Amino acid sequence: LVRSTQHRVFASAAPPAAAAEADGDSLQSSRRRRCSLAIRELAGRLVSPHTAAGRVALMLNFALSMTSIAFYAYEAVVWAGRVERCFPWSRSPLMIIDLAFNCVYLLRFCLRFLAAPNKLHFWLEVQSLVDYCTVPPAFVGLWLEQYWLGLRFIRVLHLTSLPDVLQRLGLLRSGSAIRLLQLLTIFVCVWFLGASATHVLENSASLNGIGKTSGVTFGDCLYFTIVTMSTVGFGDISPETDWGRAFISLYILVALAVFASYTPEIAGMITARSRHAGPYKPEHGSKHIVVSGAPIAQSVDTFLANLLHVDRKLSSSIIVVCLFPQKPDPDFQSLLKRHHRNLVYLEGTILSMTDCKRARLSSAEAAIILARQDSEQPDEEDAENTMRAVSVKNIAPSVRCIVQLLQYHSKEHLECIPNWNWQKGDECVCSAELRLGLLAQSCAAPGFSTLMANLFATRSLPSGPSLDAWEADYLVGVSNEIYSECFGPAFAGMTFAEAAAVCYSELGVILLAVMPEADTDDSGNVASALLLNPSGSAEGFEIPSSGKPCRGLFLADTQDDMRLVLGLDEATARDALERFRSLQATDAVVEATAAQPSSYDPASGSTHWCEDRSLMSDALLPVRTGRSKVAEFKGHYVLCVAGGEDSTGHLDLCSFVAPLRSRAYHRQDLVPIVVVCDLNQLEREWDELCNFPEVYAVAESPMRRASLRAAGIDQCDMCIVISGGRCYEPDDDQVDPYLVDREVVMCTLNIKAIGLPGNSEIYYQALGLPVPQTVKELGAPIVTEILIDKNIQYLDQDDDDDDTIEEIHNTEAFACGSAFSASVLDSLLATVYFNSSAMRLITALVTGGAAQHCHGGSTADASQALPASRITQLSMLMDERLSVGCDTFGKMFLRLLGRHGILCFGVYRYRDSYGGCGGGGGGSNKRIVIACPSSEFRMLKSDLVFGLLPATRAPAPDQRGAR
């Protein structure tokens, strides 16, 4: 305060002239500072690459530098053996142009100097050093009227700014492309600098000033320099002057390091980018599908085999674009060669918008996301595939997305994806739900897993050498697939049973379900309900005669058979309908079994439900004393989880239990389930199993016979063996694929070695045939799930299977229904692509309606759950409904459908029935699966029939069990 007061006093006491002079100096100083700042800002805008003027100046400087280098190279070639000439500059147009270029360089040098915040660093910059060596010689030569090539070649260093220029123009965006261009420009600069310096020095006087020049040309210098850099050194050209030898002695140290380090990297990047880094270029009139996810050649091969099958007639009109981040492995390269017309491989990720544009995702027919079936961390695999689905619907909302997931609970996240729409074709193929669901239905109907897996894929009847009779019948069933088609006018007013009878008797196709089109919702989507065999529905069902169309889901051989459904003649349909009605009894009704009261899941109402059960006190069966508890039930199912004691993954055993606890079963029909598994795995799974009734566990390894006996293996109707740890990497050379399934193979052989009494004896006794000893030694049927298809040969030593069989459906164990592999689910992707309704039908068959809410069904009121059909297996010998008038499959089909509402679609027959009169052949209890037999197919007393019980509404749920 004192100093401020004194300053004011002194200022007021100062003479007026002195004060005015001080104010003028201060004003001038301020003006100079503002002017200097304005000039610096203007210069900064002109040289900064962040402004439009700066970018123009940068590109102009690069263009002039490259033009100057071109002039230099031209003059160096024309002036053979000379580096200077004496003549007026006005006689040389190139000299005039080069002088103008140097004026521009000088102006840019001044602007850079004005804009530089640190002047010392400016004097040492590379661009400044280039200007020192190139600008002054041009003006000196003008004054001396002497034109010298000199050091103008140093301006080639501006070539290193080419990546920056292309990025500014938006022509270069990829990081690998930027790096490749940087390496190439540095390599060219070092090469050109060495050649130019050698040319100038070799054509100049020696150190003592009296030596002669070598007269080497510029082309020879380029050749000599690249030979020197590569350490080849032919020796045909070498420096002759002292200046040249001195320069090469130093240059070779730098050039060798650049060549040795940059050349391998450049070569690697060029070879890596040459094939799969470019965009997909579609052909005129072709469609394409984008495939991403797990880059497994076997999965893609299976998908292609079904997508491009000859029956589909699309081999030349559809392209599969694989978008994977890895380079193709040898298996994938072989696949690319076999399908070079229909398969394109791009390196990239579907999570990147740039890569999706390269694959033209927005114009694709669909996006297929594959999952690694053998992933050790299924939750992480599902999370990655869900993110890929999010990316697809974000980049291309209108493109169908078909995604593979491993865990059932992961399907919930798909409904949270914006633009995800089940009704418009978006679909999820859940591996655990289908894999374990098929194995679960195989308990109620042995062989069902093989029957359904064969319907997933598209195959033709084999041709070539003669087949055994049982192989011929089996392969005829394998050639059938799932199709959908609208009903023609001839079916108007028919019930489901009548339409199914007409389709089978006249067209040879089996109708499984109908999808009447409902009204559109608020979003404009058409919500169609799937009615699976609604023959026994209390409300009834009739195909509408007018208005909205009604679609049917069929089992047929080819698409041509489906076209007959739409164009069936009305007179033919009437005649077939009259014959079917004449077979029906006047008092024929669908049986209604008296059901015990039961509680259902309060969330969905689709499964039986009970109060929480404790694993240790309510469900666990001790190994030593558990025998007495198991003796309370007989004919139960045993699920053995082999191996995986150290695994931390989730097995999703709920997907196995839920179909067997479906609402389609009455409470008294529930069969007890015993899970033999490690205790740690049981504890991880029990939270999802604790509310299912009649589920028990043995907390021991199924490799021990004591554990199997505690589970009542000798009294069970079916035993399922699955793996507890799925951790095989196909590209891991350290793992022998034949040893991946060692636990399940050893567990299966261990169960068979116990020597349990089976139920096959009654069929031999009823047929009046002696019971073979081998049949007495074989027990209840076993279904084993394997990870590697070739390991199926170890499950039964009596089979003729070996590792030369390429497809699992051709193996004897798979044909008999005793083996299953998740690899068959890859065929389902092509089926879902062509038929968006197929997945709903398969899910309904596999889960028995236990997962009907996953496709948009409401779960608000559990009491309003849709009626569910379920799979059953009828015995020709024991079932009274098949005792009369069922000598052929066609008669049996019509009789059961008309009188009882049961829809038959397959036969499970003894293989030995083909060896003699009903089974006196080799003495085996093996059966084979025959899907969709013809109407003239002869039935045997020992046959079992796959049937679909009608969808009858179960009694109202008991709400006392609600949480």
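Each Cβ is built from the backbone N, Cα and C atoms, and glycine gets one as well.
As written in TrEMBL, here are the features:
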DOMAIN    62-269  domain 'Ion transport'
DOMAIN    285-403  domain 'RCK N-terminal'
DOMAIN    426-514  domain 'Calcium-activated potassium channel BK alpha subunit'
DOMAIN    633-754  domain 'RCK N-terminal'
DOMAIN    858-948  domain 'Ca2+-activated K+ channel Slowpoke-like C-terminal'
TRANSMEM  56-74  transmembrane segment
TRANSMEM  94-115  transmembrane segment
TRANSMEM  177-195  transmembrane segment
TRANSMEM  215-234  transmembrane segment
TRANSMEM  246-264  transmembrane segment
Average pLDDT across the domain 'Ca2+-activated K+ channel Slowpoke-like C-terminal' (858-948), rounded to a whole number:
79
In the same chain, which residue numbers or ranges, 6 or more beyond the ends of the transmembrane segment (246-264), come under 8 angstroms Cβ to Cβ?
183, 186-187, 190-191, 194, 197-198, 201, 225, 228-231, 239
Residues from the same chain, set at least six apart from the ends of the transmembrane segment (56-74), whose C-beta lies under 8 A from its own:
46-47, 49, 94, 97-98, 101, 104-105, 108, 149, 152-153, 155-156, 158-159, 161-162, 164-165, 168-169, 192, 196, 218
Give the residue counts of the domain 'RCK N-terminal' (633-754) per reduced DSSP state, in the order helix, strand, coil.
42 helix, 21 strand, 59 coil
Other than its close neighbours in sequence, what residues sit by the transmembrane segment (177-195), given a CB gap under 8 Å and a spacing of at least six beyond its ends?
69, 153-154, 156-157, 159-160, 162-163, 166-167, 218, 221-222, 224-226, 228-229, 251, 254-255, 258-259, 262-263, 265-266, 269-270, 273
With DSSP as the reference, give the number of residues of the domain 'RCK N-terminal' (285-403) in helix, strand and coil.
50 helix, 28 strand, 41 coil
